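Student: I am attaching a structure below and will ask some questions about it afterwards.
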Amino acid sequence: MAGCVSRVELSVSCRSLLDKDLGSRSDPLCVLLQDVGGGRWAELDRTERIKNCQNPEFCKKLVVDYYFEKVQKLRFGVYDIDNKSFDLNDDDYLGGIECTLGQVVSSSVFTRPLELKQGKPAGKGTITISAEEIKDTRVVYLEIEARNLDKKDFLGKSDPFLEFYKQSDAGTWQLVYRSEVIKNNLNPCWRRFSVPLQTFCGGDFNKPIKVQCADHDSDGSHDLIGAFETNLTQLQKAGDGSPVEFECIHPEKKQKKKSYKNSGIIRIKSCKIETEYSFLDYVMGGCQINFTVGVDFTGSNGDPKSPDSLHYISPDGINEYLIAIWSVGSVVQDYDTDKLFPAFGFGAQVPPGWQVSHEFALNFNPSNPYCQGIQGIVDAYRQILPQIRLYGPTNFSPIINHVARFAAHSAQQGTALQYFVLLIITDGEITDMDQTRQAIVNASKLPMSIIIVGVGEADFKAMEFLDGDNGVLKSLTGEPAARDIVQFVPFRQFKNAPREALSQMVLAEVPKQLVSYYKWQGWPPVKLPEKKKM
């Protein structure tokens, strides 16, 4: 794996966006994609959506791993979002740019005209991106409420929300957090929230912070209720039942009225600073990634001796199953010291009794299903193909539950030492959908991730459903997954791309999934990096 030099946080703002909504202004969101080779782009991150705004300053920062030795091609796309779906294909495109991360980090502020397509400008729209290295992994957690806020709405009470700004070195105010809106309430209590310390104040506890409280209007013309300035040192005094209070002051009202006191009180109930660990912290801290492969040997793949079968090994010794094993395995094997990988097949009749098995060892040794390295898996696969009969049905749950048993045993140790990645390669016709959903929901509470690579030309709707990107996967009883642990990729999209493109796409989510599990459990890396012992 190329060593990730550091993480970079990108702040994005736009000016003069095209207007796509009738009767109101556009509701923009910016999405960040990275070139993964072969003309394919993978989404890295996206900002929040801002309603009714042609000059948005996005609050959510886009985070990118920065590799010095790679040309990282990026694409920023701005969309007008008018629905709840995650998919951007049904939203109006307001323009975008392509550039490299190197260009962005080497300019202090990077501004470019937005284009609808190469050479076609998107009106007068521009995008401005500034980069900051994330050097600090501490996070600020705040709980805030207010009381006696001014009433701003003619018919109802105010709809208050908070905005936090940090002062840049040049003296300008930069937005770092925007809270949710609480409707019709002059004594609101906002949700507990967190902001990375670097974003919040650049790591400087005395850097001025401006807090604004405003009344939300759906047409985008929000009214200021009041504001105050503070810094993290003052905010940190809150906690243990003794809040810190600030008067919310409206500057114009203060000037006009001698008797003016304030427009309400903002109370900081608690302010805590905690350390967040990265994927590399866990890996360098001794966490091993255990890699298991499950191969689909059901009849729908076709007879392995026939050239149109998905299991047919071509004269140059490969097929889609082997390429998927190689490309994913070659990355993951670096994180496993013993290089012993269990490999299983499912959906075939196996000798000597020819009964159908949904989890048989590829090396026919159930008590020791481990193969030596990725080459060992490939050799076992080639040897077993002529000895079994492809059959059915296509059941995923036995192999997911098999790996989950190992993950559960490891989780009982209560340390971040073992994480499990299961690669399932399939032609997509899944039979035990309900049991598989339940198995994934159970596995979401364990230190494991599941990667599904779909080979062949089947309709992979069922697989896309298991990949919870479009909403949380639920079991048949309605129990939601604790976290998103499934990544599905159709192999056909990578037919002509370099091999590393498939592994980058499939493994992109694993670091986030590993960190999210250990954070959820509250487990630090086993060996803490020196600088983070706090």
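Placed from the backbone N, Cα and C atoms, the Cβ positions cover glycine too.
Since the structure is predicted, the reported quantities are computational estimates derived from the model, not experimental observations.
Below, the features straight out of TrEMBL:
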- 1-114: domain 'C2' (DOMAIN)
- 123-246: domain 'C2' (DOMAIN)
- 290-510: domain 'VWFA' (DOMAIN)
Student: So what pLDDT does the domain 'C2' (123-246) average out to?
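Tutor: Per the prediction, mean pLDDT sits at 92 for the domain 'C2' (123-246).
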Student: Please work out the helix, strand and coil residue numbers for the domain 'C2' (123-246) from the DSSP assignment.
Tutor: 9 helix, 61 strand, 54 coil
Student: Helix, strand, coil: count each for the residues of the domain 'C2' (1-114), based on DSSP.
Tutor: 6 helix, 55 strand, 53 coil
